[in-house]
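> Feature table excerpt (Swiss-Prot):
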BINDING   Gly34, Gly35, Asn36, Gly37, Ala38, Gly39, Lys40, Ser41  ATP binding site
COILED    326-418  coiled coil
COILED    444-480  coiled coil
COILED    509-603  coiled coil
REGION    645-804  region 'Sufficient for ParC binding'
REGION    666-783  region 'Flexible hinge'
COILED    835-923  coiled coil
COILED    977-1115  coiled coil
COILED    1209-1266  coiled coil
Amino acid sequence: MIERGKFRSLTLINWNGFFARTFDLDELVTTLSGGNGAGKSTTMAAFVTALIPDLTLLHFRNTTEAGATSGSRDKGLHGKLKAGVCYSMLDTINSRHQRVVVGVRLQQVAGRDRKVDIKPFAIQGLPMSVQPTQLVTETLNERQARVLPLNELKDKLEAMEGVQFKQFNSITDYHSLMFDLGIIARRLRSASDRSKFYRLIEASLYGGISSAITRSLRDYLLPENSGVRKAFQDMEAALRENRMTLEAIRVTQSDRDLFKHLISEATNYVAADYMRHANERRVHLDKALEFRRELHTSRQQLAAEQYKHVDMARELAEHNGAEGDLEADYQAASDHLNLVQTALRQQEKIERYEADLDELQIRLEEQNEVVAEAIERQQENEARAEAAELEVDELKSQLADYQQALDVQQTRAIQYNQAIAALNRAKELCHLPDLTADCAAEWLETFQAKELEATEKMLSLEQKMSMAQTAHSQFEQAYQLVVAINGPLARNEAWDVARELLREGVDQRHLAEQVQPLRMRLSELEQRLREQQEAERLLADFCKRQGKNFDIDELEALHQELEARIASLSDSVSNAREERMALRQEQEQLQSRIQSLMQRAPVWLAAQNSLNQLSEQCGEEFTSSQDVTEYLQQLLEREREAIVERDEVGARKNAVDEEIERLSQPGGSEDQRLNALAERFGGVLLSEIYDDVSLEDAPYFSALYGPSRHAIVVPDLSQVTEHLEGLTDCPEDLYLIEGDPQSFDDSVFSVDELEKAVVVKIADRQWRYSRFPEVPLFGRAARESRIESLHAEREVLSERFATLSFDVQKTQRLHQAFSRFIGSHLAVAFESDPEAEIRQLNSRRVELERALSNHENDNQQQRIQFEQAKEGVTALNRILPRLNLLADDSLADRVDEIRERLDEAQEAARFVQQFGNQLAKLEPIVSVLQSDPEQFEQLKEDYAYSQQMQRDARQQAFALTEVVQRRAHFSYSDSAEMLSGNSDLNEKLRERLEQAEAERTRAREALRGHAAQLSQYNQVLASLKSSYDTKKELLNDLQRELQDIGVRADSGAEERARIRRDELHAQLSNNRSRRNQLEKALTFCEAEMDNLTRKLRKLERDYFEMREQVVTAKAGWCAVMRMVKDNGVERRLHRRELAYLSADDLRSMSDKALGALRLAVADNEHLRDVLRMSEDPKRPERKIQFFVAVYQHLRERIRQDIIRTDDPVEAIEQMEIELSRLTEELTSREQKLAISSRSVANIIRKTIQREQNRIRMLNQGLQNVSFGQVNSVRLNVNVRETHAMLLDVLSEQHEQHQDLFNSNRLTFSEALAKLYQRLNPQIDMGQRTPQTIGEELLDYRNYLEMEVEVNRGSDGWLRAESGALSTGEAIGTGMSILVMVVQSWEDESRRLRGKDISPCRLLFLDEAARLDARSIATLFELCERLQMQLIIAAPENISPEKGTTYKLVRKVFQNTEHVHVVGLRGFAPQLPETLPGTDEAPSQAS
């Protein structure tokens, strides 16, 4: 027999009053005796804390707080602990003799909430010799010890060999270990289970009949029939899911057209926009590539134009430079012509002026002679006039003197003044400041002598002048001629220079005679030189255009080569034209073929899509129409085979369903009639009696009873006989066994057990041999096992049936799809791929375009080469006639030589022309230059000086004469002399004076006439001189100008200059013409460059805009593609046939679909908002989001248990296949799942009956319990009247309420609740829902009422209530009920725990003073009978005779409070024996 586990000891560490105390627990009763505050409740609290370490439940209160709803803030635990680490440990030994120490580490948490920290732990494998206090304390000295923290305790235990230490983070794990090791009776899986356990302990602790326990006895004693509840829940869940699925199918059927419409329009809306963007992206890419090609071509053209522009600009610059030179040359030639013409005119002027000068020279010489004669006559007239003047003056003086004498007094002063004036004038003229009237006579003689001397000298010089005049005139003429020819020179050098000039003149005349021949020769050579230079220019230009330098000898061969090249290029150009026409014709044919293929491509793509769908659906590849027709025949055969297999699987599934239904009957009856017969006979089915048989024992009992497994056990067979008469509604073989259903055993047979078989000796002459069945069905566990296997098989069959049904309908739809394909697309599906051909043709078209472009480039190059060759030939035609000139290298030297000789000759001609006349004049008179006559100029100066001296001497003598004459007047300073003489003298003087004045007048008249004539002569001479000088100066200027002109004004110079000018003009005109051509070409080139630049700019802008648009679109397109691929909708959106529609058609298609979608999603707010957002043309990804949202919406609407795909399109295709099949299957499944109301009533009744039997068995254990007036205690289990009525209606009158159970809107639980409300309208259901009420009605415990009854004295059986029992009786009754609860838990948990473990049993009782000695003895007896341990807290006057008693006394020693404990074992006549180790000295925690 298995020994029951026991609690060995309780250890308290650092509790209030207990520093390290171990209480050894008795195998039956341990009594804690002591006064108030001794520590009894603290000890029990430590035990309970170690047993249930849940702070949410622990609440230690005094018995006076038994009815209180709240105690102290710390619920009694914080105050029972001391500061620091505390422990409460239970030392146990289980049925396996394993020592297990479980406990908790407690520690106060600082704070006003007075919390406690609890850590549960367990120790296994601890040797028996080790005491718990030794584990958690460390002795410091004889009087002090230290409590080890939990981590040190762990380290200490890990150091011990074979000892296991476990620390738990959850109370559930802690209790799970305690349950597995047999410390507690029930597995506490949840807080609710812990609460029940705690309430049980609390009820036993405080004693009496706990109202909490009494009210919830059903929860404590009646196990939860989780299997039945789970079955009902599974059934309802399956029904609910089935109905939801059916409803979903109905909704799906109603929404199928909406789905199709929504998917179709959404696909059209998004796919059209998707393909439009794809087409636009392709178009944009093509445009970008085209722009890039055009940009590259334009750049090449611009570069070519720029090179051309540079060449033309360079040529234009050369022509501009040459034009400048030519203009300069032309202007120089024109200027030279003008200079020649000017020089000729100047030469004519010079000749004319020279003739005039010769004439003027003659006239000037003649006028000089006339002037000289006039001067002589003028001098004579001046002398006569002066003599006449002197005579007049003398006569006037005489007359004045005479008058003065006449009137001295009047004239004396005047005379005196005149004398003074004459004296002053004489002083001034004679330079004699000391001159006086007295010495005037002396000075007069002197000055008269000087006058005479000067006059003589002047006359002598005049004579000399007359003689040298003639010789001086010839010398001056010759000298002037030499000076005019040679320039200024000394007079003594004139002779040598004149001879040299004459000799040079002869040489110059000889050279001047060669000017005309040299000029003609030079003109001819210059013409040849110009032609040579033109040829060299043409050759240089030709070499530059050819890009190569050629020798003169190579030009003829080059000319022939260029002519041959021209002929060849001409043939190539004509052939290229034909080739270009052929290429263009092929290009047009390709374009036409591409257009026809693009028209055929959508039809072919639609056929290919249909073919691909067929290939995907059937997993085959079709290469021809024959393959399609052959596969269609195979499809028909496969359809027939699948239908046959489906029917077979369906039959097997129905058989399994029937077997499951049969095995699911309550009580294990395979025939419903047996249940009715058992109720009719008042018996019990044998299968119900053995319903709890284990799965291991099921084969044995099944073989033991054999065919009588389904027998009915009745108490008395004789009472059944009358019922057997006329019995027809029964199985063919009905077995009846007599026996007590409450104590039935298998002793009715004599059995011999064999290997996997039994031999049953039914009678002496009848044995039955039965083997153990492979699949036993005897007992609930066996049936459940079989049902589980059948359910698994049914699931497989159902899945296979569904798969086959789906395959059949899929095959049928595939057959329809093949038929549609054959009718619509078979004709074009297996034709060649037009898109592949289009790609090939496009590739060929690109090649043709590239060939055309290359051909155009080659043709252009050939044309350029042809033009270059023609230009080269033209240039060579101009160069070849001048090859001899190009070969003449000495021509320039000869021209320079002739030009030098011509310059010398022209210089000589100019010399002769300029100085020929002077040389001719000089030649006859050159000899006068050999000797120079007197210095004629000096002589002239001496003569003029003598004349001046003579005049000065004459004036001085006249002034002195006047002074001398007025010498007398100086004496008349005071008065005037008296007038002397007579009147006659006066008259004579007057007459003579008149004559003298007349003569003087005549002389003056003659002098004035001669002076005027001389003045005229002088004027004529001056005019002639001025004219001569002017003309001479003009002539000199003209000669200088002619020299400055620097040209030779001969007869042929003008003609040569004009020819040169005309040639340069022609060259300038040609140059200007070429320059104009180049300027026009350059302007055109610049315009072309500007156009190309603008085009290039526009192309660059368009290209970059397009590239940016492509890049931007690429980012958006990548997002779209990523979204499409992530959501797996590319196959739906990338409809290749739409690629051949225009953007307008696609936009129109998308807009039409958008209008339809707006109506379709008008009632769906989410899709409406997403659709509205998707209308943004700049955000194409939003259309994909809308499409995904539509798919997601459809996925949510389509149940995945109905349709096996995530694709709504495929779901719609599968939907039509699945809907009808699922509807039938689910309808039948609902009928099978829906358990009948009678079955529910039978299940609940059988469960109630079984539990009633179990309670009866528990009551048998309490029959012998008695204390006080209580003779016995029992539990009474009754069915509530309202629920009994419900069971009767469910089993007998359920047809009246089928409106509830057949309603698809109500679950079975709700229908059950509605029926309960219908039967009991007086009951208020409150706020509970019908589902909650129905679930409660499916729990059999709610059908039962349990109450405790006691057999007390003469009153018989009474309901146990606190008011009807004494305190001791109430405590005993409550303890009995608690023991029953523990027994019930053990029975319930036996199958969950190992069979070799019997759990510990321990209860508490605080304040046992309320019991008398007999009641306590009864408790001892109860504990002994039930192998239960009990801890009692009692006052000091209680001394049980049995068990272990601890005397607790609380003492204070040196301010330290501790509990003194003395333990006693038993209570006999002998002296009490002190238990070892119970004395504890006061200890102080270190």
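Indices start at 1 and increase along the chain as displayed.
Each residue, glycine too, has its Cβ placed from N, Cα and C.
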> Note the Cβ centroid of Gly34, Gly35, Asn36, Gly37, Ala38, Gly39, Lys40, Ser41, the recorded ATP site, then list each other residue of that chain whose Cβ lies within 8 Å of it, in sequence.
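Apart from the listed residues, the neighbours are Thr42, Ala1433, Leu1448, Arg1450.
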> Under DSSP, is Lys40 (ATP binding site) helix, strand or coil?
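In three-state terms, Lys40 (ATP binding site) counts as helix.
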> For Gly34 (ATP binding site), just give me the three-state DSSP call.
strand
> Kindly state the mean pLDDT of the coiled coil (1209-1266) in the predicted structure.
70
> Taking helix as H, G and I and strand as E and B in DSSP, count the residues of the region 'Flexible hinge' (666-783) in helix, strand and coil.
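Going through the region 'Flexible hinge' (666-783) residue by residue, I get 44 helix, 26 strand, 48 coil.
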> Drop a 10 Å sphere on every Cβ of the binding-site residues Asn36, Ser41 and tell me which sphere holds the fewest other Cβ atoms.
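Result for the binding-site residues Asn36, Ser41: minimum number of other Cβ atoms within 10 Å at Asn36.
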> Mind giving me a neighbour count for Lys40 (ATP binding site)? Other Cβ atoms within 10 Å of its Cβ, every protein chain shown.
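Its Cβ has 25 other Cβ atoms within 10 Å.
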